[in-house]
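Encoded as structure tokens, the structure appears first; notes follow it.
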Ligand SMILES: Nc1ncnc2c1ncn2[C@@H]1O[C@H](COP(=O)(O)OP(=O)(O)OP(=O)(O)O)[C@@H](O)[C@H]1O
């Protein structure tokens, strides 16, 4: 069935209403989706096993004017020369305030489609992964450039072979890698203060909407929202307060209750049932719950309740702002989203939330803070800059929240977080409340977390730690690299206008695939760490509000982003770790809604994921293709997993000496969960 016209029509449409007036349109869209989602072309599981490897008709070599990408992986770097098509490309991107560099009409940039894409620096010898490395581990990431012309998809994005100098390069978007030496990106270093080379970052993000409707805009919970109640919840640690079953039981103040109602929340999700009383009781917490299950409100609401109860000290009249709460998250878009949630729940209160993140004018961040700051939402790089410039004081910090905590503590952000907790003035862990949330929590990261948490912290596990959301229908297709684009187009044409995120492994590939899809008349935009912040926000907006139904993304968009109506996630490239897979597919199937995830499994490069994938699929009660089981079996080595992360799941609190307490969160009965043999493998 040819779905092309519908896409073409979409592509020709020039304007969409912006703002979150999603109601009517989405009703229409979901109807259409009902009709289109059953169209053939891709099915579940086994029917797609054993695809042959055909030569790719579309060469990703010179034929597309494919430029080599700078090896500088700094998301704040403003020195890139990027080709942007003047015609049809993002105008925003073309007149970036940040660049003194010449912007050239993009060789190979696609014209006539929204989002013409520049393809990176023309004069760099190297491209670089945005994802974590594969077998080369976490160290070093400088790799040879693309192979020459005509080699097709010869990305070497998984080699991970290092420069030998051992710098870490992870998913971390705030890390800079330069000249083989990796160091922490500081905004100050990035040129904003003029300390080092590089044009000033002058981007000032648009202010968030002020009207109440926009502030409280939300999407509907899905048909599976009530099924959350059947998920097994395990709370470990001593003297855990009992879970609450309703918002009323939380005994929040009237303003908060009003805001909760206006946000459309009527029923608690499991992570909220358990986390809210724990936080209200003043306990430290590590909470692990599936993607899209409401972790953000689980920490925001009790923190706000405490702040309302205890009163706040910071005010706009103070010279030094001393926030009571600091929330950190790994990406700019995610921290902005958390800020919007904080703003929503604190609406009508005296609590003022502020967001600061890289890629924006430092002066703007400072101006936001000096107007009064009780809750500071920040990415680590910008936070450390602001602290370094003594624009905030830490003495009043009572709550420190690490969202996507496993990412915040890994080798990417971990050192920065350690610096944060040892900053002058930062209350010790005994004096503050530290809260960590994620859908995944590898055991070795749990161990690192001890440094941040009081020893009696509580651990809440909703479902299996690191497990995929069951509302996502997962399909793994065996697709060789040379067939991927053809398959992608086939799938997207069948999908029609349904919102789809396509994940790839490198920034350059994101641009290339987005350009390619535009050439195929599929309206696409892209987000990755080499795009300027203005472009990233524009891309996300175009995707969120339906201008571009396809978003090609690197791992920068894998975690946390909560975008309404994302119906499909396609892993064009599988990520290097199973945790990353879980986060990526969690961009769909949120809040009880259903979604679909299709992943291209290339046996040439993805075999190390076979075993953890089989586990994730079977734990989420998905079909496991026979061919995948075979690969998993043939690559299984007892005691060692070829995955970049050894264990499939950290299934328990790593502290062994707690009094475990497992409950079905509605019924409240106990059932201890023993780790299965796979879980006993060590992380590497
Ligand atoms: N109790 C609730 N009732 C209705 N909607 C809710 C409730 N709790 C959260 N939501 C909504 O569910 C969506 C997902 O929530 P949130 O982004 O906090 O998930 P998450 O668990 O942090 O996901 P991720 O692991 O991907 O970061 C949001 O749109 C949020 O507003």
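Backbone N, Cα and C define each Cβ position, glycine as well.
What TrEMBL says about a protein is an automatic prediction, not a curated fact.
Keep in mind the model is a prediction, meaning the values are calculated, not measured.
Listed in TrEMBL:
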type	residues	note
COMPBIAS	26-35	compositional bias 'Basic and acidic residues'
COMPBIAS	107-119	compositional bias 'Gly residues'
COMPBIAS	662-675	compositional bias 'Polar residues'
DOMAIN	245-273	domain 'DEAD-box RNA helicase Q'
DOMAIN	276-459	domain 'Helicase ATP-binding'
DOMAIN	487-632	domain 'Helicase C-terminal'
REGION	1-171	region 'Disordered'
REGION	662-684	region 'Disordered'
MOTIF	245-273	motif 'Q motif'
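Listed as Cβ neighbours of the motif 'Q motif' (245-273) (distance under 8 Å, sequence separation of 6 or more from its ends, same chain) are residues 212, 216, 218, 220-221, 225-226, 228-229, 231, 233, 280, 287, 289, 293-295, 297-298, 301-302, 304-305, 308-309, 344-349, 437, 460, 462, 665-666. When averaged over the domain 'Helicase C-terminal' (487-632), pLDDT in the model lands at 97. Residue counts for the domain 'DEAD-box RNA helicase Q' (245-273) under DSSP, helix first, then strand, then coil, are 16 helix, 0 strand, 13 coil. Note: the domain 'Helicase C-terminal' (487-632) comprises 65 helix, 27 strand, 54 coil (DSSP; helix = H, G, I, strand = E, B).
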